[in-house]
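Engineer: My questions all concern the structure below.
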Amino acid sequence: MTSLVSLENVSVSFGQRRVLSDVSLELSPGKILTLLGPNGAGKSTLVRVVLGLVAPDEGVIKRNGQLRIGYVPQKLYLDTTLPLTVNRFLRLRPGTQKTDILPALKRVQAGHLIDAPMQKLSGGETQRVLLARALLNRPQLLVLDEPTQGVDVNGQVALYDLIDQLRRELDCAVLMVSHDLHLVMAKTDEVLCLNHHICCSGAPEVVSMHPEFISMFGPRGAEQLGIYRHHHNHRHDLQGRIVLRRGNGHS
């Protein structure tokens, strides 16, 4: 399968501070990659590298020519005194036609919000509107920066269900950034745990294997949420230095 974006041994420094070190990944059509990591781990920098907004100091980046990217930001800041409906907000995107708006909203099951004030939307509704905005670009790559932030568990399940549906319909690659170090979308194809470098990677463990989780969130939640178990051979000290775990040597 041809990758839309591939990074090979990419490193980024800001001044004397190394933010990313030897990071490699591939984003392929129809595949979901979830990026996990603590605050300050370099997740936002890595997203900017993928988007072409930050050039690496070392390593190789390959992108499909004329790649169309849809981006959903982590937060949306709006002036609460500014009268702005969902319709007007979406039309602010350059190149958007009036006739594109309602179909995009309907695609994310948010057609009923077209005349709603942006400031009155719930967290889940806001994420759907931002997702509709990203779809206006007919993306080959969908980048979602912490899409479930501020959304309750039921909203997360519905959002993950929608993301899975969209990646199948569009056959697009999905890069999802998560602040939750353990709970991820079950249908993620690969999880990368980042702390300036890739600490570990693998597939999420499907939540259906955890009866106590199903009893808490129901069978539908079990289908859409997964637990990722980290397998690190090291830890990071307070200065960010790598310390190998016992049995793996010392540093």
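Our numbering is plain: 1 for the first residue shown, then up by one each step along the chain.
Cβ coordinates come from backbone N, Cα and C, glycine included.
Fair warning: this is a prediction, and the values are worked out from it, not measured in the lab.
Below, the features straight out of Swiss-Prot:
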DOMAIN    5-220  domain 'ABC transporter'
BINDING   Gly37, Pro38, Asn39, Gly40, Ala41, Gly42, Lys43, Ser44  ATP binding site
Engineer: Which of the three DSSP states, helix, strand or coil, fits Gly40 (ATP binding site)?
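Structural biologist: Assignment for Gly40 (ATP binding site) reads coil.
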Engineer: Excluding Gly37, Pro38, Asn39, Gly40, Ala41, Gly42, Lys43, Ser44, please set out which residues of the same chain place their CB within 8 Å of the center of the CB atoms of the ATP site, keeping sequence order.
Structural biologist: Leu194, Asn195
Engineer: Tell me which residues of the chain lie with their Cβ under 8 angstroms from that of Lys43 (ATP binding site), as long as they are six or more apart in sequence?
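Structural biologist: Expected: Leu35, Gly37, Val177, Leu194.
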Engineer: Other than its own, how many Cβ atoms are within 10 Å of the Cβ belonging to Pro38 (ATP binding site)?
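Structural biologist: Its Cβ shell of radius 10 Å holds 13 other Cβ atoms.
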Engineer: Would you report the average pLDDT that the model assigns to the domain 'ABC transporter' (5-220)?
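Structural biologist: Average per-residue pLDDT within the domain 'ABC transporter' (5-220): 86.
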Engineer: Are there residues of the same chain, six or more positions away from Ala41 (ATP binding site), whose CB falls under 8 angstroms from its CB, and which are they?
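Structural biologist: Set apart from Ala41 (ATP binding site) by at least 6 residues yet with Cβ under 8 Å, we have Leu194, Asn195, His196.
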Engineer: Look at the binding-site residues Asn39, Ser44 and tell me which residue has the greatest number of other C-beta atoms within 10 angstroms of its C-beta.
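Structural biologist: Ranked by Cβ atoms within 10 Å, first place goes to Ser44.
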